[in-house]
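**Q** Below you will find the structure I want to go over with you.
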Amino acid sequence: MSRPTSSSESGIEEGLAFQPRFDASGLVTCVATDARTGDVLMVAHMNEEALRRTVETGDAWYYSRSRKALWRKGESSGQVQRVVEMRTDCDQDAVWIKVEQRGAACHTGRRSCFYRAVTRGEGGEARVAFVDADRLFDPADVYHKKS
């Protein structure tokens, strides 16, 4: 990984160097999908250290904005993500990882964090409906707190 320079726009888009562009908070957005099915599992953030550890270990590492801490996916729950492939977008400010997900990806115990569909109600208002919402584990048991 190297830091982009202001004159390397074409290098960012067409070059072979991985030069992630971190935002003002030092983060890039990461989309994690199931390598086998293509289903979106979660969206999280990585700082430089999380990105480096992900590349080095092959396990998904993230940065928690709420806890302001680095964490390895599955550290507490055992629901590990093994990275099969990592891609970056055209301007290298986001990454996409295809993972082998063991168990649930969501801290709510569900396979994916995207377990609710936004639908249009009879009056035209946006509503939420549960889809693919079965829990694979009880968060209270895994994290020892109320869900």
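Cβ coordinates are placed from backbone N, Cα and C, and glycine is handled just like the others.
Taken from Swiss-Prot, the feature Mg(2+) binding site covers ASP89, ASP91, ASP93, and the record attributes it to sequence analysis. Under the heading Zn(2+) binding site, Swiss-Prot lists CYS90, CYS106, CYS113, citing sequence analysis as support.
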**Q** Just to be sure I understand the packing, how many Cβ atoms besides its own are within 10 Å of the Cβ of CYS113 (Zn(2+) binding site)?
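**A** Taking every protein chain into account, the count is 17.
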**Q** Whole-number Å only: compute the distance from the Cα of CYS113 (Zn(2+) binding site) to the Cα of ASP91 (Mg(2+) binding site).
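**A** ASP91 (Mg(2+) binding site) has its Cα 26 Å from the Cα of CYS113 (Zn(2+) binding site).
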**Q** How many neighbouring Cβ atoms, not counting its own, are there within 10 Å of the Cβ of ASP91 (Mg(2+) binding site)?
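**A** There are 12 of them.
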**Q** Quick check: which same-chain residues outside ASP89, ASP91, ASP93 lie with their CB within 8 A of the centre of the Mg(2+) site CB atoms?
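**A** Filtered neighbour residues, in order: ILE12, ARG21, THR88, CYS90, GLN92, ALA94.
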**Q** Measuring Cα to Cα, how far is ASP89 (Mg(2+) binding site) from CYS106 (Zn(2+) binding site) in Å?
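**A** Rounded to the nearest whole number, the Cα-Cα distance is 24 Å.
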**Q** Which residues, sitting 6 or more apart from ASP93 (Mg(2+) binding site) on the same chain, put a CB under 8 Å from its CB?
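**A** When sequence neighbours closer than 6 are ignored, ASP93 (Mg(2+) binding site) has PRO20, ARG21, PHE22, ASP23, VAL28, THR29 within Cβ distance under 8 Å.
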**Q** Test of understanding: give the count of other CB atoms lying within 10 angstroms of the CB of ASP89 (Mg(2+) binding site).
**A** 14
**Q** Rank the binding-site residues CYS90, CYS106 by the number of other Cβ atoms within 10 Å of each Cβ and report the first-ranked residue.
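**A** Output for this query is CYS106.
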